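**Student:** One structure follows; several queries about it will come next.
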Amino acid sequence: MELAIWIQFMIGIPLLGFLISLVIPEQKEKLLSRVAFYTAGINLGSVLVFLVFWAGIGFQALNLKEFVLFKTDHFEFLVDFFFDRVGAVYVVVGAVLTFLITFYSRYYLHRESGYKRFFNTVLFFYLGFNITVLAGNFETLFVGWEILGLSSFLLVAFYRQNLLPTRNSIKVFSIYRIGDVGLILAMWASHHLWHENITFLKLSNAELVSEHLAGHTGIGMFIALMLLLAAAAKSAQFPFSSWLPRAMEGPTPSSAIFYGSLSVHLGVFLLLRTFPFWENQLTVRILIGMMGLMTAIVSTMIARVQTSVKTQIGYASLTQIGIMFIEVAAGLEVLALIHFMGNAFLRTYQLLVSPSVVAYLIREQFYGFEPKAKKTESSWMNRLRISFYVWSLKEWNLDRFINKLVFNPLKRLGHKLDFLTYRSVLYYFIPSYLLGFYLLVSGYRIPDAVHGVLPAGFAFIALLMVLKSFTERRSARLAWTMLLMNHFWMVLAIAENENFSSLEIGTYLSGVVVFGLSGLLIISWMKSHLGQSGLFEYQGNVKSYPVLAFLFLLSVLGLMGFPISPTFIGVDLLFSHIHEDQVLLAFFAALAFVMEGIAAVRIFARLFLGAKPKLDGKNQSGLPETPSSLLSVKSSSFQS
Amino acid sequence: MKHHSERQAFGVEEIVHELKHFLPAQAPLKDFVHHNTLHAFQHLPFFQALKQAHSQFGYKGFLSLDTYRQLYREGKIKGEILQQVLKEHFGILANHWLVKLMDESVQSHEDAKVGRFRSHWRNDYHFNLDKITHPFLFRLLSAYLDQGISIWSFPVEAKGFLNAIRLIQQESFSSILKTERAKGLLAKSDLGLEELLEILVGKPEAYGWYLFDQQFAHPGWSGMVSVLESQPGSLLDSKMITLEDLIKVECLLEIDALDQKFGESWSPLGVRFHYDTKELFETSLFEELDLVLQCWQEAFEWSYYDEVLAGISAVNQPEAKPQVPSFQALFCIDDRECSTRRHLEFIDPQCATYGTPGFFNVEFFFQPEFGKFHTKSCPAPVTPKYLIKEKADHKKLAKDAHFHQNSHSLVRGWLSAQTLGFWSALKLVGNVLRPSSSALEVSSFKHMDPKGTLTIEYQGLEEDGLQVGFKIEEMADRVEGLLRSIGLLEKFSPLVYLIGHGASSINNTHYAGYDCGACCGRPGSVNARVAAHMGNHPEVRKVLESRGIFIPETTQFLGGLHDTTKDEIEFYDVEVLSPENLRLHQENQYKFSKTLDINSLERSRRFDTLKKNRPLSGLHEAVKKRAFSLFEPRPEYNHATNSLCIVSRKSTIKGLFFDRRAFLNSYDYRKDTQGKALAKILGAAAPVCGGINLEYYFSRMDPDKLGAGTKLPHNVMGLIGVANGADGDLRTGLPYQMVEIHDPIRLMMIVEQHPELVLEVLQSNPATYEWVKNHWVHFVVIDPVSREFLRFKDEGFVPYSPKAKTEHLDHLQDKLLSTKENLPVYVIDSL
């Protein structure tokens with residue numbers, strides 16, 4: 001048997017476990033936790049056995065070409081797996097921690113409402129984690145990457161009826177999404193660099209890489225920087241650090257496994273994985289090192305002023321991850337791996353025992369308290385000390401920085417379209433779209449000067465649609481429709497650009513149409529039944545309409561190109577039609593993709609999460625209208 | 001309660017004073033003590049208070065109508081009791097109301113008053129003020145009050161929070177406030193609250209409403225500040241703070257945020273919207289719905305009480321035993337000892353057990369060896385004048401390097417991760433798969449070193465204004481008080497045990513709430529040991545003799561501690577026993593350990609995740625493990641399900657099975673003809689047991705606002721409180737895991753004594769009487785002569801005859817594991 005086949009188990013077992021956990025009813029606590037426990041346990045066992053065999057062949061890197069998901073003459077979407085030293089460490093640590101956490105949680109979460117949801121999400125996360133660390137190419141990695149993003153969102157918002165978890169989950173998701181841009185653009189650029197779906201196996205061939213990069217230093221640099229962006233967002237590096245403490249909203253074990261250990265180390269993984277690619281780009285290495293150093297310094301200062309246990313551990317972990325970036329940049333792979341393992345275990349443990357800190361530290365204080373000695377220092381030093389303290393307490397304004405730099409300009413752009421209403425959209429944009437579409441299909445020759453700017457122009461309109469949706473508050477329906485329209489404009493933009501075959505268009509739009517319509521249907525239903533249509537507040541309807549919420553979540557995922565919808569491949573496909581020199585078009589497309597996800601999740605969150613719903617009179621009274629049957633019960637019990 | 005009737009003048013000072021009265025009064029975690037969550041409304045009759053609290057703050061004091069109806073269908077609310085309640089309220093209209101209770105959808109939905117005014121910022125100014133000010137304010141507060149989580153301590157030393165903020169603003173390159181006006185205000189050394197409110201609100205009559213809205217947007221932090229203002233001693237690393245300072249800082253942050261958003265030209269909130277503080281406190285009218293809910297709640301309560309009273313009337317009063325019991329054991333009145341005593345009496349039918357508040361009538365501060373502080377060891381309201389110091393040779397603190405701050409720094413953290421990290425993997429595997437005792441654990445037995453000595457006798461030393469040890473006379477007073485209150489004045493056995501209690505847990509931020517409430521949230525070991533020493537003191541005995549209590553020389557007192565989580569027991573100073581008593585003690589020890597085995601069996605029925613089909617010893621081991629399993633959020637159920645407080649002789653309730661729901665205080669009406677002992681008992685039991693009961697009641701009824709919600713996402717802030725996640729408000733009340741199995745019913749106090757005397761005793765103490773008069777506890781008297789029950793109603797007593805039939809149980813253990821739900825009251829014949 002070829003050893004590479006075994007990799008399938010490492011994906012298959014979590015997948016199977018996840019699917020089984022989906023169908024187990026909520027009340028069967030024991031069964032649910034067992035499924036999760038055995039999934040992680042069996043996988044751990046299987047990996048350990050595998051490692052023995054792998055040692056037998058001298059730890060040689062393995063590649064498994066799984067299957068081709070989609071193929072046209074110039075494009076191929078290939079699922080591919082890869083196993084090497086880096087993957088091995090991540091898989092093992094992931095399996096050990098997931099195993100422990102599932103065991104832990106089966107008691108810890110006992111009787112908690114959402115028991116099933118918790119284990120579903122943890123298994124989903126575990127699946128995404130394994131796909132990511134075992135991916136053999138960027139496309140496969142991106143599948144796992146997206147699953148991680150979604151499961152993180154769901155776990156941060158585990159207490160979905162509360163405002164802060166919901167708000168913070170969107171924040172986490174948004175930053176992750178910024179990272180996704182990096183990955184998408186890196187994929188786009190690498191298509192053009194390699195003219196194929198490059199596997200990580202090939203990427204580790206130094207000669208091949210330097211040969212290809214020889215004439216393309218610019219694009220090589222671009223890819224490396226985009227990878228760095230993806231890695232930095234996922235690992236909460238400077239300046240993205242502020243999401244990490246805010247992610248600690250779920251039950252302690254989930255915070256421990258996600259934000260203490262596994263999830264937050266995946267940026268390091270991405271860098272380790274793509275190391276051969278940027279190994280010879282000194283600028284990139286320096287940049288990574290600088291970013292790591294910056295993160296380490298800033299977050300160690302922030303950790304020092306934290307007064308809550310979990311955020312302190314979060315920032316302390318971040319400090320170490322910053323150092324790992326430096327280690328990776330310096331090419332110290334083994335050290336980085338050891339550091340990763342140690343840090344992951346340490347922070348998991350510290351988070352799990354964090355409630356004990358009260359009793360422990362109070363006892364220590366009780367027996368060993370020393371009143372602070374008065375410091376004598378020059379007034380200038382004193383000033384500096386106070387300033388650093390306050391800046392650290394404000395987390396160096398990183399949160400505001402990201403908002404100012406990224407989200408506020410986009411919001412302003414979106415607000416420019418505030419005059420739009422549902423109707424005006426129907427009146428203006430659909431006819432104009434149809435016109436563009438007609439011109440395209442009829443093959444009308446537009447003057448070249450105009451034609452040259454059309455793709456970018458259309459893409460910009462698409463982007464505006466998304467931004468409008470992102471800032472829309474009055475009407476959920478409008479916001480959703482704009483998201484739908486975005487895709488259509490984007491297709492038009494690409495079709496103007498290059499020959500976009502109908503099969504490709506079909507692939508892209510089929511998901512959009514199906515999920516877009518289902519979402520629209522749900523919003524309309526809610527409008528007519530609940531009279532809710534605005535997005536001003538978090539409405540928390542998930543409690544009363546859990547199934548509807550789930551269906552809407554699926555629609556959101558489908559619409560934003562999550563790997564359950566053909567649109568996922570479509571997005572990749574779409575990018576393959578953007579030329580190497582059309583940076584603006586690529587930028588618009590990527591930005592639209594990012595904001596689409598954020599806007600869609602925002603609509604979901606506002607409609608379904610974040611509040612205890614105010615019940616109307618009808619639902620409150622409780623009993624269905626069967627007074628007579630009740631009365632008979634009553635009277636009989638009185639007689640007895 | 002004068003300030004409630006006259007609320008005409010609302011100066012800023014009065015408002016702040018009122019605020020302190022209404023804010024949650026929960027101390028820092030280490031000093032957690034149960035109290036009535038709605039203490040601010042205690043001057044009102046219970047149901048009126050619920051109504052007022054609901055319309056003012058949106059607090060929920062009832063279950064939902066659906067739930068009551070569900071309970072009725074399940075038979076947990078009994079039909080005949082419901083009818084009885086309705087008849088009492090409505091007479092011939094009872095049936096009319098029955099229909100309402102059953103079917104009608106009466107639901108009024110009114111938003112709480114508090115919060116309405118400030119919501120205009122959001123709704124009409126389109127500005128989410130709290131989103132901007134709260135996180136930073138909480139971080140500043142937490143940094144200022146932090147007790148040892150952060151590595152860099154607060155950078156300035158100043159008197160008070162406002163001064164500290166001012167100092168930072170002056171002395172640093174960074175800036176707390178951004179806009180000029182706010183900065184200018186902060187710089188003023190005589191900054192008055194009115195000045196700030198003038199800018200924010202504009203209208204003096206609305207100031208009060210605004211401040212209530214503002215502070216109740218984060219009741220956790222405000223409540224903590226208000227508690228720290230009045231009890232600064234509850235922080236070991238003391239910090240000076242006042243509620244007024246907090247309000248000023250918050251107002252400054254608000255002005256800063258508003259100026260930043262709108263410039264300085266926005267109009268004050270009170271000018272655009274008219275609110276009058278007086279309306280906030282207006283009495284809310286009782287509506288139909290309130291009456292419906294009240295009837296349901298009363299029916300729910302009496303469905304259980306009725307069973308209890310029926311049980312008491314089913315007890316066969318045994319003939320008074322002439323002989324001396326084999327031994328006597330005094331336990332705490334705690335509901336967790338209710339089953340322990342029952343088991344012990346079945347295992348040794350010749351013994352006698354008593355219940356009394358677990359500080360054994362000795363009040364003092366305790367300072368353990370190497371301890372830098374004192375801890376109070378008596379009920380919270382008492383302020384002792386005595387200090388007991390421990391002397392011990394070897395007392396080492398167990399350490400865990402994972403809590404060391406090294407791991408959070410840059411370079412040392414790097415080393416920690418590479419080394420400690422792998423060690424923590426092993427520890428984690430170890431603790432998850434095979435839980436065992438560790439440094440993280442809070443263990444009741446570690447509170448005091450049993451091998452150490454205590455300075456119990458006064459040697460002429462004073463420390464910090466406290467007298468170290470007690471004088472003979474003072475000792476005698478305390479022993480006498482103890483014995484008289486429980487009526488143990490003759491027939492002393494050779495051994496009299498004084499058994500305190502404590503609890504053990506791990507990963508539990510609310511650990512202090514698990515220990516003895518009468519010892520201020522600490523284990524009762526020191527008190528038990530001190531009281532036993534006093535009782536054994538020959539000089540003390542002489543004084544007692546002169547006061548008419550003759551304790552034979554052969555009698556010896558022995559202190560001990562019962563760990564209610566692990567169900568283990570430890571005895572102190574066994575070496576003082578005479579050889580004869582030592583032999584007896586060894587026999588008794590076996591009885592105690594058997595008792596605890598069965599006790600753990602009884603407790604295990606509530607533990608869902610525990611496998612029951614194993615031998616008794618295995619079961620006990622599994623119960624013990626909960627005390628040090630990191631993943632166990634319910635090491636024990638603490639006071640959950642508590643609902644009774646019985647003040648009587650043991651013979652009155654002999655053999656009754658109360659399912660660990662009763663506080664039992666021993667009291668012999670025949671030996672307290674003046675009611676002096678009763679006054680003392682009620683004075684302590686009403687607020688302590690009633691406080692525990694109501695804290696459970698409200699945490700269960702409204703886990704969001706009055707309880708702490710689920711404990712799973714809790715994040716420890718500054719070692720003083722917990723919040724959800726990183727930016728949330730502090731959570732007050734009890735975590736849902738502690739109260740989930742609790743049936744929210746008020747406490748019923750049952751007292752065995754002549755009703756006239758009881759009424760006299762009650763009315764002589766207004767503080768106690770308020771509890772009873774306003775029905776925050778139910779009150780029933782057992783007339784010792786007629787054996788009739790008399791229920792307190794309208795400032796007097798009316799007879800009550802129970803309706804339920806009480807079942808006889810031959811063998812308790814057959815029934816115990818059949819369900820994890822509450823069990824009815826049984827008369828049992830054997831274990």
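Cβ coordinates come from backbone N, Cα and C, glycine included.
The model shown is predicted, which means the values in this text are computed figures rather than measured ones.
When I checked TrEMBL for this same protein, it listed these features:
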BINDING   B:C332, B:D334, B:H501, B:C516  Zn(2+) binding site
**Student:** Beyond B:C332, B:D334, B:H501, B:C516, what residues of that chain have CB atoms within 8 A of the centre of the Zn(2+) site's CB atoms?
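**Tutor:** Filtered neighbour residues, in order: B:F331, B:I333, B:R336, B:E337, B:G358, B:G500, B:G502, B:D515, B:G517, B:A518, B:C519, B:G524, B:H562, B:T564.
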**Student:** Which chain-mates of B:H501 (Zn(2+) binding site) that are at least 6 residues away have a CB under 8 A from its CB, listed by sequence?
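**Tutor:** Once residues fewer than 6 apart are set aside, B:H501 (Zn(2+) binding site) is near B:F331, B:C332, B:D334, B:R336, B:E337, B:G358, B:S444, B:D515, B:C516, B:P523, B:G524, B:L561, B:H562, B:D563, B:T564.
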**Student:** Name the secondary structure element type, per DSSP in three states, that contains B:H501 (Zn(2+) binding site).
**Tutor:** strand
**Student:** With every protein chain in view, how many other Cβ atoms are within 10 Å of the Cβ of B:D334 (Zn(2+) binding site)?
**Tutor:** 29
**Student:** Validating a neighbour-count step here. Other CB atoms within 10 A of the CB of B:C516 (Zn(2+) binding site): how many?
**Tutor:** 29
**Student:** Please report the number of other Cβ atoms within 10 Å of the Cβ of B:C332 (Zn(2+) binding site).
**Tutor:** 31
